[in-house]
Structures are given as structure tokens and as C-alpha cells.
Amino acid sequence: MRIGHGYDVHRFAEGDFVTLGGVRIPHRFGLLAHSDGDVLLHALCDALLGAAALGDIGRHFPDTDPRFKGVDSRVLLRHVVALVREKGWRVGNVDATIVAQAPKMAPHIERMRLSIAEDLQVGVEQVNVKATTTEKLGFTGREEGIAVHAVALLLAL
């Protein structure tokens, strides 16, 4: 059994939606990133990679590599799951906390869970996503960006 933690942040930029957990959410800003900016999936990738002692997302998908420009982060997550399996591990469960003042996450959480479960090849009951604000404190409270913490439990195949 292995446990990993992931954390990622993206700042807001020009745009009219954010993608979180593979779900497109209307918003008055987008997220600045080399890929599609799915900060939730990036944190999950790091948690999975960390649990398997495989480094981090930047090592596997560097933002200097043009192949990953604008890439759908679901593709990255699926690749990470394959790497983890090659090392003899399977996902036991994942849990993530989105830290954002806006947009409101509650209407989108279940679709995020379903999308993530599909990519992880696990049941939706093995995926938890929740959201909180910082009561208008810090960069997320000032609506400058979104942060996500994620943990993953891996079990031997």
C-alpha cells in the first residue's frame, strides 16, 4: 500500500471557462497553463506519481515540450494510470480538495467524480472531490487562481 500527495495551482487568465476534473465550467476567466490547465487532474497526477515513487507531472510532461501544448489533461491522467500499473500498483481511492472562491463547484462535483473514475478505471465510490473557499483570504480568495490538494492510495496488483 502506498499514499501520495499532489498539489497544483493555476492563475486565472483571459477566457470564459475553466476545466476541472475533465469538466468544462463556465466562468469569467480561464486558467493560464501550457496544457488545458485542469489543476484538479494535475494534482491527482502528482498524487499518483508520488505514491508510486515516479516523480512528478513536470518530469513526465514538461511545459517546455510542445507535444503537451493545450493537451487534454485527461490524456495525461490516463498515461499516469498506465505508468502506475506498470509498476505493479492500482488505485485504491483518491480524494481531492479544490480551493477556489469562484466559480461555484457544487453543481459540477458529481460530473468530475464520474470523469475521474472513468480515467482511473475505478468505481465512482473510490473518487471524492470537494471544494472550499478561503473566506476571501489569499490568492484564491482574491480570485487570482485555483489551487487543489489531492491524495491517492495505491494498492498492489
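Even glycines carry a Cβ here, placed using N, Cα and C.
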Considering the divalent metal cation binding residues Asp8, His10 given in Swiss-Prot, which of His42, His60, His79 is annotated for that site as well?
-> His42
Which of the three DSSP states, helix, strand or coil, fits His42 (divalent metal cation binding site)?
-> helix
Enter the number of other CB atoms within 10 angstroms of the CB of Asp8 (4-CDP-2-C-methyl-D-erythritol 2-phosphate binding site).
-> 23
For Asp65 (4-CDP-2-C-methyl-D-erythritol 2-phosphate binding site), what is the secondary structure state per DSSP, taken as helix, strand or coil?
-> coil
Candidate binding-site residues Asp8, Ser35, Pro103, Thr132, Phe139, pick with smallest Cα gap to His42 (divalent metal cation binding site) | Asp8
Using all protein chains shown, find which of the recorded positions His10, His34, His42 scores highest when you count other CB atoms within 10 A of its CB.
-> His42
Nearest of the recorded positions (His10, His34, Thr133) to Phe61 (4-CDP-2-C-methyl-D-erythritol 2-phosphate binding site) - Cα to Cα = His34
